[in-house]
Amino acid sequence: VQLSHLSSASSAAEPGAMAAEMVLNRRPGQPHGEVLSEADLEELAQRKPPSKTSTRDSSTAKSLLFRFLPVLRWLPRYPVKDWLLGDIASGFSVGIMHLPQGLAYALLAGLPPVTGLYSSFYPVFLYFFFGTSRHNSVGPFAVISVMIGSVTDSLVPSEDFMEFINGTNVTAVNEAQRDAARVELVATITVLSGIFQVALGLLQFGFVVTYLSDPLVRGYTTAASVHVLISQLKNVFGVSLGEHSGPLSLFQAIYLLSLLPSCILQTFIEICKKLPETNVGTLVTAIIAMVAIFIVKELNHKFSAKLPMPIPIELITIIISTGISYGVNLNSKYGISVVGNIPSGLKPPVVPNASYFGQVVGNAFAIAVVGYAICISLGKIFALKHGYKVDSNQELIALGLSNFLGGFFQCFAISCSMSRSLVQESTGGNSQVAGVISSLVILVTILKIGELFHDLPKAILSAIIIINLKGMFKQFTDLRTLWKSNRVDLMVWVVTFIATLLLNLDIGLGASVAFALLTVIFRTQLPHYSILGRVTDTDVYKDVAEYKKAHEVPGIKIFRSSSTIYFANVEMYSDALKKKSGINVDRLIEKKKKALKKLKKQVLGGLCPAECHQHPHGEGVFPQDTEAECNGPGVAVIELSGEEGGTPAEPTLRSLGLPQPDFHAVILDFSPVNFVDTVSIKILKNIFRDFHEIEVDVFVASCPASVLAQLERGNFFSSTITKHCFFPSVNDAVRGPVPVPVTAYR
């Protein structure tokens, strides 16, 4: 055990130097079990050079085929006896749900109902080959449908298809032309969304969903559910409205907040104005359907353990209401709007209209990201519950291919439905085979049964949509939970909700992500700085301000930040370190420079020219035997030369009459640091320099290997700052710093 001294003059008389009895000097080759610096560890452990990842196996055609077609891997090992019956029952149950939801979500997207059936068939069937989640039920989803609906309303409004009826002044919408134009537009959006998803998946950008935090997604889907609810009120009350869409298209009346119109409140106000025109038959039909669906769904939830499969109340409601509508002729007698013609059979693929690409590229990207975020979130929940893994990048590719190929067959973009996925799991679904079964149910419907739903009231589909929003509206309870747990996440939730309402679904998503990232940056700029102390009778170090039994090690300041350090907060890191040290480092350095300058003037001014002689090479020197006479009275001279022929010694703070720090070492705990940049490297060098100016050594503890490598690449290390200043832990740094002479920094 040796005493660690910063300088012979500064440490000999300091009481804090007693702490140096804990300091062990280490050298490579010493016995195992004692303190090692990072430099010692590299030599002793023989650190390996960075290895290059071999791509030999992954480059083979077979591995690529198995990677992009997971069905080739799991289908040959499919346990038919154990899983097949469960998958068939589950697929049939989910298929029954697909039928009403497909029709309803097509209506939500502003498209003909048959496109909902197409979207419940083609993408679901394709996912069987490319997907990795065994329980996700992909297909139409309310949030994605309303995102698509906002685009169709803005780019292909009904007003563009008004025609005069039989030469009269009465106008009506040519629904056939409008629907054809909207299908063409939506097919283009779907194909473009698929291209984005496949491209991101091939580039291994599956992590992009990490930028959509859970509060953001929940706030976004809650706001989307409000959009959905307002959009369906016209079908519930049986009134016709103008189409309002676009950014800030929801709140026209808020003049003080914005001079631009905004759509939800505008739509709501228009509905209120047209309440006297309400179709009573439509309203009664919707209310009866909502009450029946709600009650049966609650019973399904309450008796889920006893029921072999949930009661398909949505399908039952559709069948009964269609029969009543056909028998009573609700459309002609009571003016209740019905679905209309649903063509039978499949249609040939059609190439999307590329001229729309420029107009919908932003919407397509937003749909791609939101659809994937919802799908992978559910997929990981089920995978964790049932003990298998979901490949995030392959899921992105699977969704992308489902959308890309489905777009050629008049499908709209799909995602994953929680309600259908829960039914698929609870009814015995074990694999993607359940998805194939459900798609076959829809195929039969498209080929033979679809046309029977001609007289289905639209109010029934709106009722199905509204009742299925119950789960999303429950997310309002997040406000109370987040208020108690995390106020920043609460801000993200609220800002996302408001932005999505005001700025529409696509721009609102971008604004929400930007705000969420700003909160991360904000939090890294305001970390918690602390001075650590050793907990009594342990080698554990805790914040002395928070723990009574944590005491500072005499003579050593251990500093920790709760965040990584980078260009945006490294200046604050340096300032906090100097403030927490208890001394004004910059002021002390300034005083030292002034004292040195004054000393130099005193020494040079006190020389007697007659007594000085010239060095053979022309350099002036002080004659040692006449110094006292030349200095004159009252001038105290500091010896500027060291040993004879040696390097001149640096005056110490004590010799300059300046106050000395009550500590001799600073240890920076780098355990929270996960990266450094060029700016932070520069400031760290300045920290080492400034503290050595006031005769304090600086050491770094718990620095990750990746950060060490970044420091090396940034030319941080030199002859004065070496890896001997770095230690694997705070305790090692306290026990074993190797003193670096202060003169080395001059």
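Glycine residues also receive a Cβ, built from the backbone N, Cα and C atoms like all the rest.
Taken from TrEMBL, the feature region 'Disordered' applies to 1-58.
The annotation compositional bias 'Low complexity' is assigned in TrEMBL to 7-22.
According to TrEMBL, the transmembrane segment annotation covers 105-130 (among others).
The feature transmembrane segment is assigned by TrEMBL to 185-207 (among others).
The transmembrane segment annotation in TrEMBL covers 249-269 (among others).
The transmembrane segment annotation in TrEMBL covers 281-299 (among others). Residues 235-238, 311, 313-314, 317, 321, 330, 334-337, 457, 459-460, 462-464, 466-467, 470 of the same chain, all 6+ positions outside the transmembrane segment (281-299), place their C-beta atoms under 8 angstroms from a C-beta of that stretch.
Taking Cβ pairs closer than 8 Å, the transmembrane segment (311-328) reaches residues 93, 96-97, 99-101, 103, 285, 289, 292-293, 296-297, 299-300, 336, 338, 452-457, 460, 463-464 in its own chain, all 6 or more past its ends. Taken from TrEMBL, the feature transmembrane segment applies to 311-328 (among others).
As annotated by TrEMBL, transmembrane segment applies to 364-384 (among others).
Only residues 6 or more beyond the boundaries of the transmembrane segment (396-420), in the same chain, are considered here, and those with a CB under 8 A from a CB of the stretch are 68, 94, 97-98, 101, 106, 109, 111, 115-116, 118-119, 122-124, 126-127, 130-132, 136-141, 143-145, 148, 183, 186-191, 193-202, 205-206, 346-347, 349-352, 367-368, 370-372, 374-376, 378-379, 468, 471. According to TrEMBL, the transmembrane segment annotation covers 396-420 (among others).
Feature annotation from TrEMBL assigns transmembrane segment to 432-449 (among others).
Through the fold, the transmembrane segment (456-473) approaches residues 100-101, 103-105, 107-108, 113, 142, 221-222, 224-225, 228-229, 232, 235-236, 238, 282-283, 285-286, 289-290, 293-294, 297, 314, 317-318, 321-322, 325, 330, 336-339, 418-419 of its own chain, all at least 6 residues removed from its boundaries and within a Cβ separation under 8 Å. The transmembrane segment annotation in TrEMBL covers 456-473 (among others).
What TrEMBL records for 493-522 (among others) is transmembrane segment.
The domain 'STAS' feature in TrEMBL is assigned to 546-737. Model confidence over the domain 'STAS' (546-737) is summarised by a mean pLDDT of 80.
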Any contact between the transmembrane segment (432-449) and the transmembrane segment (105-130), i.e. 3 or more CB pairs below 8 Å with pairs at least 6 residues apart?
yes
Residues of the same chain, at least six outside the transmembrane segment (105-130), with any C-beta under 8 angstroms of its C-beta?
68-71, 98-99, 136-142, 145-146, 148-149, 152-153, 179, 182-183, 186, 228, 231-232, 235, 339-340, 342-343, 346-347, 394, 397-399, 401-403, 405-406, 409-412, 414, 432-433, 435-436, 438-439, 442-443, 445-446, 450, 453, 458, 461-462, 465
